[in-house]
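**Q** Can you read through this structure? Questions will come right after.
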Amino acid sequence: MAAAEEMVGFPQAYLESREVKETSSLVTELCRHFYTQGWVSGTGGSITIKVHDASIPKPDQLIVMSPSGVQKERMQPEDMYILSPNGSVISAPSPKPYPNKLPKCTDCAPLFMKAYEMRNAGAVIHSHGMESCLVTMLNPQAKEFRITHMEMIKGIQGHGYYDELVVPIIENTAYENELTDSLTKAIIAYPKATAVLVRNHGVYIWGDSWIHAKTQAECYHYLFDAAIKLHQLGLDAASPEHGPIQRAIHSQNQTESTRRCIVLDIEGTTTPITFVTDVLFPYARENVGKHLNLTYDTAETQEDIKLLRSQVEEDLRQGVTGAVPVPHADEGKDEVIAAMVSNVEAMIKADRKITALKELQGHIWRTGFQCNELKSVVFEDVTDALEKWHSSGTKVYIYSSGSRLAQRLLFGNTTYGDLRKYLSGFFDTTIGNKKESKSYKEITETLGVDDPSEILFVTDVYQEATAAKAAGLEAIISIRPGNASLPENHGFKTVTSFSQI
């Protein structure tokens, strides 16, 4: 075995250690086993395992990877590549005589490294198993594989029998290493996932150790096979009852045909939570004093101060933390503004969903958008969905705790342009608290539909979905990166993209 010049902190003797040799032997043993399963036939597929050494933290352990383009069932321990923790090759196998190819580290290496770096994995398996390929073809438009109420789901980290297992599907490319970016995005978007499917190709699976990765790989392949067989029987793997696909499709079409309006939440539904918490809120907090000082004598700002003073007086009666008295205007402009700034900062920190705060924030953000200091962000699937619904005649509305002004500013100044042309109206907390069913009854009456079930409400908040459902609306929960976790058995349909609606 040829060694690289630089050992990156590992002496040559360590490359000959028992730990490295045992890990290399384990890779060859597992590949022979996986070959019998049909996962690594035709030189396809691969596996990598970290060299377990209790004296070395996992992120700093050496990595053993199988070579590329070889008969996986015939590999020997000396055929393995040894990589440093950062992925550089520090030991490569020696060439073998014809007809063997010159040694080459697996093309999967960049993808394996992402699982190590982003999930602190102990081993990663890349399978070309037929079931992992076919399951991505059942629905060529699907971006996810979903299955529930199957015993083998319990073998997947963080899942139980009643849970829905969701595996992201990324599109295949001509060369393996070109998948790195899309795999990275999938790992970020699906923090609970321990696998990523590649359409018409196979699957990447990782675990804390080689035993964990192998166990999950066996469970995943079982579930992929089960989903294919259920599909052949006309049954839906994603339905808890595993009822007929035809019935599910009919019900979906029937629902869509009677749906007249869609009402969307913003934060965590159309827009990343981080844009609100890391961009909008800090901007309002940092500019509230400047805004009040520059616009103090305008009727709009005086109305904002009046609303906030009234809210603060109520907060003081209720003993709300952070509330400080607001002086009367006669006591001086600077004193009023200082008190306002203090109260607004406390309200933003507590993420208060109150009209007085939202009105002022909207006015501050308006200045930011007008000065091009702000540009709003929506998820990439939002624009296409809004255009599709608008073209089909479905009216779309926004219901958010942010003021209607703030909502119009957000959708009027996105990185995709002005999206307000697709929206029919805006609702804020002046119509009611988003966690109370009477608010959704008010929206139903305002929209003038004959039946509240003709309205679909999409939100990331379980309590809001519950309130909407209690008012008779159809409710779907949006699962987006950074959103709060949901209660077990919450009972709502979930989507990770508007393309699924």
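Every residue gets a Cβ built from N, Cα and C, even glycine.
Annotation source TrEMBL lists active site, proton donor/acceptor at GLU151. Here TrEMBL flags CYS108 as substrate 1 binding site. Here TrEMBL flags HIS126, HIS128, HIS201 as Zn(2+) binding site. Among the features that TrEMBL reports, Mg(2+) binding site is placed at ASP265, GLU267, ASP460. Annotation comment: TrEMBL describes SER400, SER401, LYS434 as substrate 2 binding site. According to TrEMBL, the feature domain 'Class II aldolase/adducin N-terminal' maps to 25-228. The region 'Methylthioribulose-1-phosphate dehydratase' feature in TrEMBL is assigned to 1-236. Residues annotated as region 'Enolase-phosphatase E1' in TrEMBL: 262-501.
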**Q** Based on Cα coordinates, which of the following binding-site residues are within 10 Å of ASP265 (Mg(2+) binding site): CYS108, HIS126, HIS128, SER400, SER401?
**A** SER400, SER401
**Q** Which whole-number value in Å describes the distance between the Cα atoms of HIS201 (Zn(2+) binding site) and GLU267 (Mg(2+) binding site)?
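**A** The separation of the Cα atoms works out to 35 Å.
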**Q** Tell me the Cα distance separating HIS126 (Zn(2+) binding site) from ASP460 (Mg(2+) binding site), rounded to the nearest angstrom.
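**A** So the Cα of HIS126 (Zn(2+) binding site) lies 33 Å away from that of ASP460 (Mg(2+) binding site).
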**Q** Within 8 Å of the Cβ centroid of the Zn(2+) site residues HIS126, HIS128, HIS201, which other residues of the same chain have their Cβ?
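**A** Residues close to the Zn(2+) site, other than HIS126, HIS128, HIS201: GLY44, GLY45, SER127, GLY129, SER132, CYS133, VAL198, GLY202, VAL203, TYR204.
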**Q** Beyond the listed site residues SER400, SER401, LYS434, identify every same-chain residue whose Cβ lies within 8 Å of the center of their Cβ atoms for the substrate 2 site.
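**A** Those within range, site residues removed, are ASP265, ILE266, GLU267, LYS353, TYR399, GLY402, ASP428, THR429, GLU464.
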**Q** What's the CA-CA gap between HIS128 (Zn(2+) binding site) and SER401 (substrate 2 binding site) in angstrom, rounded?
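**A** Rounded to the nearest whole number, the Cα-Cα distance is 48 Å.
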**Q** Considering all pairs of residues in SER400, SER401, LYS434, annotated in the record as contacting substrate 2, what is the maximal C-alpha distance expressed in whole angstrom?
**A** 8
**Q** Taking the centroid of the Cβ atoms of ASP265, GLU267, ASP460 as the Mg(2+) site, which other residues of that chain lie with their Cβ within 8 Å of it, listed in sequence order?
**A** ILE266, GLY268, THR269, THR270, THR271, ILE273, SER400, THR459, VAL461, GLU464, SER478, ASN483
